[in-house]
Amino acid sequence: MATRCFWCWTTLLFCSQLLTGFARASSAGGAKEKGLSQTPTWAVALVCTFFILVSVLLEKALHRVATWLWEKHKNSLLEALEKIKAELMILGFISLLLTFGEQYILKICIPEKAAASMLPCPAPSTHDQDKTHRRRLAAATTSSRCDEGHEPLIPATGLHQLHILLFFMAAFHILYSFITMMLGRLKIRGWKKWEQETCSHDYEFSIDPSRFRLTHETSFVRQHSSFWTKIPFFFYAGCFLQQFFRSVGRTDYLTLRHGFIAAHLAPGRKFDFQKYIKRSLEDDFKVVVGISPLLWASFVIFLLLNVNGWEALFWASILPVLIILAVSTKLQAILTRMALGITERHAVVQGIPLVHGSDKYFWFNRPQLLLHLLHFALFQNAFQLTYFFWVWYSFGLKSCFHTDFKLVIVKLSLGVGALILCSYITLPLYALVTQMGSNMKKAVFDEQMAKALKKWHMTVKKKKGKARKPPTETLGVSDTVSTSTSSFHASGATLLRSKTTGHSTASYMSNFEDQSMSDLEAEPLSPEPIEGHTLVRVGDQNTEIEYTGDISPGNQFSFVKNVPANDID
C-alpha cells in the first residue's frame, strides 16, 4: 500500500512539474506571476482534480495488470512488472528531490568561464548571449541574483527540461519493455508448429534409434558445417550473416529439443519444449528490464560526455548495435560448434543427432554474461531513442543537437533496428541456445512438481526431527540431493547438467518459485508420479536417507531406512 501511495505521489509530481514548466514558459516574457492567493479556487480545484485522476488511473491500470499476471501464474512477468514500478519510483524520487531542491540549486553560482565549458551545443554569439541572459533573469523567479561574472549552476528552465527528460525516460521505459517482450513472444510462438510436429509419426520415425545415418548427411550437420567453417574468418562471417536470414530453423529447434530431453528427462517422456522456452524467455526478460547502478552510471557518463564536437551521441548509438550483433554472432557460432562436435565424435548416428551442451562454448564459460551484455545494450538503445524524442520535444527537430539531420535519421534507424533485432532474434535465440549450457534452468519444473518437491523437503525435515537431529539442521548450503538420474546443489537455483537415463526432474531448490502451465503433458490436477530409488544426503552427518516410491503432490512420502553413507554403492 505504501508503494502504491508513493507511486501516485510521484506521478502527481511529474504532472505538476509539466504544468509548472508550461506556466514558466508562458510568463517568460516579463509578466509578473500571480500566486495561489490571486488564483480562482475553481481553477486550483480543477487542475488538482485532473492530476489526481490521471495518477489514480495510471496506478489502477498497473495494479490490474499485476492482478491479471498473478491470476495467470505469470510469476516472471509479475516480477518484471514490479521491477518497472520500482524504477518508476526511483525516477519519481529523483524528480521529488529536484523539486524540493530547486530553490537551493538555483542559488548555486559558478564562474562564467566554467559555465561556458563542455556545452552540448555551440556557444551562442554575443547578441544571442544578451538575449539568453535576459530570458534567464525573467524566468528565474525563485532564485537570487548571482554576482557579476557568475551564473547559476543550472537555470530554472534547465531544471524543468531535466524533469521532462525524466518523464520521457519513465514513459519510454514502459513502452520499450512492452515492445521487447511482445516481439520475443511473437518469435517463440512461431515455434509452436514445430513442437506440434513432435507428436506425429514422422517425428517418431526420425528419432527411432534403429535408424542409422551418416553424421554428415543429417540436416543439422549439413546446415552448420561446410568448407567455410574450417577457416576462422569465414566461420564468423557466416555466423554473422545467419542471424539475418536463418537465426533458428526447424532443424535447429528439433535437434536442441532432442538433446535437452535426452539430457534431463526420461526416454519417451512427453515434454512441451516450446512452453518451457517461453517461460525461460520470461525469466530473461525479468533481468533485462531492470536498471542497475551500473546502468545509471552509464546514463550519467553519457550526460557528461555529450559535448559539442565529441560525437558522443553517435558512438552511444553505435555501441548497442555492435553489442547485439556480437552476441547474436556468438550464439550462431555456438550452434555451429555443436554441429561440428557431432562430426568429431561420431561417424554414424542413431535417429536425430545428439548434441552435447557445455558452458565451454560461451565467453569465459559464463552464459549469463551474454544476457548482461544484452541488458546493457537494450538500456543504452532505449535511452538513445528517449533522448532523441526528448530533444525533439524540448528544442525542436532541427536544433543545435541535430546539426547533421541525415546522421540523426541514420542513428534513429539504427536504434529501431537494434530493438527489433534484439527482441525478435537475439533474445529468443539466447533463450534456446543457453539450454545447452552446463546448468539446467529452474523453469524446467512445472508448478505441480515444484509443490511435490517442497512437500518432500518438509517431510525430510520432519523425519530428521524424529531422528533426534539438532533442530537447526536443515537441507542447507552444504546439502546435496542425489538421485539415480541427476544430481545438483540444493541450496540455490542452479541445477547441474548430467547425462541421464531416467527421471531427472525429481530435484529440489530451496528458493524456488512456482511456475505456470505444466510442460509435462500429464493430468493437470494429478501429475504423473515420479518413480524411482532416491538417496538424500542430510547435513554433514555423513548419513543418507533412502527413499523408494512415488513423488506426487497427493502422496505421503515414506523413507524406508537410514543408511550410512559408506554402506551405499
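Quick reminder: no glycine exception, Cβ is built from N, Cα and C everywhere.
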Open item on the list: So that I know how the record lays things out, could you check whether Gln223 and Phe362 fall in the same topological domain in Swiss-Prot, i.e. on the same side of the membrane?
Closed with: yes
TODO: For the topological domain 'Cytoplasmic' (330-372), jot down how many residues DSSP puts in helix, in strand and in coil.
DONE: 28 helix, 3 strand, 12 coil
- [ ] Count up the helix, strand and coil residues in the topological domain 'Cytoplasmic' (63-85) according to DSSP, in that order.
- [x] 20 helix, 0 strand, 3 coil
